[in-house]
Amino acid sequence: MHFTCCFHHPNIPVSESTAKKQAMESGEPSKKSSFQLQNQPPPPPPSSSPPRPFSIKSIIFVASIAAGIQFGWALQLSLLTPYVQLLGIPHKWASLIWLCGPISGMLVQPIVGYHSDRCTSRFGRRRPFIAAGAVLVATAVVLIGFAADLGYLFGDNLATETKPRAIVVFVIGFWILDVANNMLQGPCRALLADISGNSQKKTRTANAFFSFFMAVGNVLGFAAGSYTHLHNIFPFTTTKACDVYCANLKSCFFFSILLLLTLTTIALTYVHEKPWSPEPGNAGNLGGGEIEDEEAAAAETAPVPFFGEIFGALKDLKRPMWILLAVTCLNWIAWFPFLLFDTDWMGREVYGGDSQGNILVLKLYNNGVHAGALGLMLNSVVLGFTSLGVELLARGVGGVNRLWGIVNFLLAVCLAMTVLVTKLAESSRRFITVDGVTVPLPPPAGVKAGALSLFAVLGVPLAITYSIPFAMASIFSSSSGAGQGLSLGVLNLAIVIPQILVSLGSGPFDAIFGGGNLPAFVLGAIAAAASGAFALTLLPSLPPDVPAAKTVTAGFH
């Protein structure tokens, strides 16, 4: 992490105590803004040798936690919507439940990032939050999986469609799960930035590995969700209140807990943080101005209320970070319509089915949804391989900002191509009459292949979206003296705010243009093109790596 200092000699930094004295003598207050050095570990004593740098194995172990996190997210996407209907949650309330993801992300990640920057635990700054997040995930998953059983235990009538007590348990577990997942992701990425030090290449590689393990978690989660016999491994999961589908959900979540806790335990056991203290550690090095130095240190480390800190952080953001937030915001406005409605698009526009139609049309819709799930699997595979090649791709096109701009244009083209695929599906639609009811047939093989190809190609820009913005935020914050936790929490605001806007506004927006998913996809294509243009023209190149002689490494061992 880079510390800007005054120098007696070009290669010899002045001590922090001397710097404070000079500031006080010049009449300038010794203040640090919300994105300044109080978020960083203290420099080691001048006589101490630098800490041993982290190996790539440390980065891989920490990044692998993403596989456990994403395993749970994939299970949510593939299994929880039918489970919600099984418990009898009204459709109009189901969408509000899914809003807890972006809402918790908007609040939890900045708060956790803020406090992890200041954590003085003897176990380190990030590790306590990661461990607590993993335990909360396990607790939440148990509540969700056993919601029907607990509801029955507390008095639900199995003969009624709606099971209110089970719904209460499910909602509590679901909110805890989203809070815990957000509690895990922020400190994990911050820890990756910490152990990468000032090396931009290591920072980009660390985030690329995080993206890769997200893809691994996706593949495992979608595969587990599509296999309907996992409950046979755990016969006790089938109960009077929990049918085969519910038992399969429990079994999937058991594997999710096992994977997450195993990866988290390995990572936290192998990678150790040194305890951090906000005090600069000048004991024994104070001169006649001891009292003044102690007062200045106390003023600098005085706690600031979180919301005052977050607003101060936004106010103190430098221009590169604001541009990064703008590009990220547009990027996610482009992504969310497709991520939310991709399988619905396959079932409705491509296959011609309808979730509210007769049994034949509903079956056709479900076939399209299953085809969309296959597309998501292909997307995850491409995402994983692309994540491993991010550094090579960036070098080939001349920088990470240029790579991000190019793939955003690729995202725009793919979203626009959904219109072409839809029109081809409609023009080639064939119908049959069954018992006097006219129903469409599945689309031709060429249309299916075209739709699945879009899913696969979109894995390329998604890999960049999952890695480069976070790496750039870490690098920009390091070069400006910002705390990694709070910086990544601020970046997360540029992700969850678009998600909330898309979740609330895409339905009415689509209705204005006659319904269907295409209007939101077209709007996403426009946002992606704008994001690509800003990335290419406004987003600054990353600052050069700071020479080792003028840096202070994060205090880990």
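In case you wondered, yes, glycine gets a Cβ from its N, Cα and C as well.
Feature list (source: TrEMBL):
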type     : residues : note
REGION   : 17-51    : region 'Disordered'
COMPBIAS : 18-31    : compositional bias 'Basic and acidic residues'
COMPBIAS : 40-51    : compositional bias 'Pro residues'
TRANSMEM : 54-75    : transmembrane segment
TRANSMEM : 95-116   : transmembrane segment
TRANSMEM : 128-154  : transmembrane segment
TRANSMEM : 166-184  : transmembrane segment
TRANSMEM : 205-227  : transmembrane segment
TRANSMEM : 253-271  : transmembrane segment
TRANSMEM : 321-341  : transmembrane segment
TRANSMEM : 371-394  : transmembrane segment
TRANSMEM : 406-425  : transmembrane segment
TRANSMEM : 445-473  : transmembrane segment
TRANSMEM : 485-506  : transmembrane segment
TRANSMEM : 518-539  : transmembrane segment
Look at every Cβ pair spanning the transmembrane segment (253-271) and the transmembrane segment (54-75), keep those 6 or more apart in sequence, and say whether at least 3 of them are under 8 Å.
yes
By Cβ distance under 8 Å, which residues at least 6 away from the ends of the transmembrane segment (166-184) in the same chain are close to it?
65, 69, 72-73, 76, 80, 83-84, 87-89, 97, 100-101, 104-105, 108-109, 112, 129-130, 132-134, 136-137, 139-144, 146-148, 150-152, 156, 241, 492
Let me spell it out: take the transmembrane segment (205-227), skip the flanking residues so only those 6+ beyond its ends count, and list any with a Cβ under 8 Å from a Cβ in it.
56, 59-60, 62-75, 77-79, 188-189, 192-193, 195-196, 252, 255-256, 259, 373, 376-377, 379-381, 383-384, 387-388, 390-391, 459, 463, 466-468, 470-471, 474
So, does the transmembrane segment (95-116) come close enough to the transmembrane segment (406-425) to give 3+ Cβ pairs below 8 Å, pairs being at least 6 apart in sequence?
no
Top stretch by Cβ pairs under 8 Å to the transmembrane segment (371-394) (candidates 95-116, 321-341, 445-473, 485-506, 518-539) is 445-473
Listed stretch, out of 54-75, 95-116, 445-473, 485-506, that has the most CB pairs under 8 angstroms to the transmembrane segment (321-341):
485-506
